Amino acid sequence: MAYPFQLGLQDATSPIMEELANFHDHTLMIVFLISSLVLYIISSMLTTKLTHTSTMDAQEVETIWTILPAVILILIALPSLRILYMMDEINNPALTVKTMGHQWYWSYEYTDYEDLCFDSYMVPTNDLKPGDLRLLEVDNRVVLPMELPIRMLISSEDVLHSWAVPSLGLKTDAIPGRLNQATVTSNRPGLFYGQCSEICGSNHSFMPIVLEMVPLKHFENWSASMI
């Protein structure tokens, strides 16, 4: 989860988020180098009186500043397209969970089970226990098995929502009448927090998401107790 005054990204807990963090660093380094070069050129122009007043054209320079930006854009685009493909690819999911957005709570249905569904509301501040996180705790957590590919089917009952869990690299729009999907895979157990990331009304800030990733055996025990 994020902490106050945190400058970096949340710790990656899924392969997708690890790729996104690496791509962020890769792109940021390219932007930094370009910005430094532009700043150097501007500084040189402002601090020197030397000018090429007789130069009418320079084909070599024009060729370089046409090809070089194209190469840089390709270096940015290729990793981005690879990650987009990875995020859309879902092969043989071990579990499917349907998520519906409402004003202002989430409902979940485990489609592989006959009758396993529940609503998830934010815990009011007055009901928080010691150690609970304000505006992030829910009454029913989404319990999922770790180290397995899980398909999330995401939609909405009323207005636009967005189901987002930053540490897993997830952010999928919940659109009425449309079913979007995302892949959830966690490398380690733990609690992972998210929130609705699309303005959806007056209580938009009170739609937290809590995923509890557990070993498969614990998930089987939990699902048996819920049915």
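Yeah, the Cβs are placed from backbone N, Cα and C, and that goes for glycine too.
The annotation Cu cation A1 binding site is assigned in Swiss-Prot to H161, C196, C200, M207. The Cu cation A2 binding site annotation in Swiss-Prot covers C196, E198, C200, H204, and the record cites similarity to another entry as its basis. Annotation source Swiss-Prot lists Mg(2+) binding site at E198, citing similarity to another entry. Per Swiss-Prot, the feature topological domain 'Mitochondrial intermembrane' maps to 1-14, 88-227. Residues or ranges marked as topological domain 'Mitochondrial matrix' by Swiss-Prot: 46-59. Per Swiss-Prot, the feature transmembrane segment maps to 15-45, 60-87; the stated evidence is similarity to another entry.
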Excluding H161, C196, C200, M207 themselves, the Cu cation A1 site's Cβ centre has within 8 Å the residues G101, Q103, W104, W106, S162, A174, Q195, S197, E198, G201, H204
In the same chain, which residue numbers or ranges, 6 or more beyond the ends of the transmembrane segment (15-45), come under 8 angstroms Cβ to Cβ? 9, 72, 75-76, 79-80, 82-83, 86-87, 166-170, 183, 185, 187
Other than C196, E198, C200, H204, which residues of the same chain sit close to Cu cation A2? List them in sequence order, counting a residue when its Cβ is within 8 Å of the Cβ centroid of the site. G101, W104, V159, L160, H161, S162, S197, I199, G201, M207
Any idea which of the binding-site residues C196, E198, C200, M207 has the thinnest Cβ neighbourhood at 10 Å? E198
Need the DSSP three-state call for H204 (Cu cation A2 binding site) to compare against my parser. helix
Summarise the topological domain 'Mitochondrial intermembrane' (1-14) by DSSP state, stating how many residues are helix, strand and coil. 0 helix, 0 strand, 14 coil
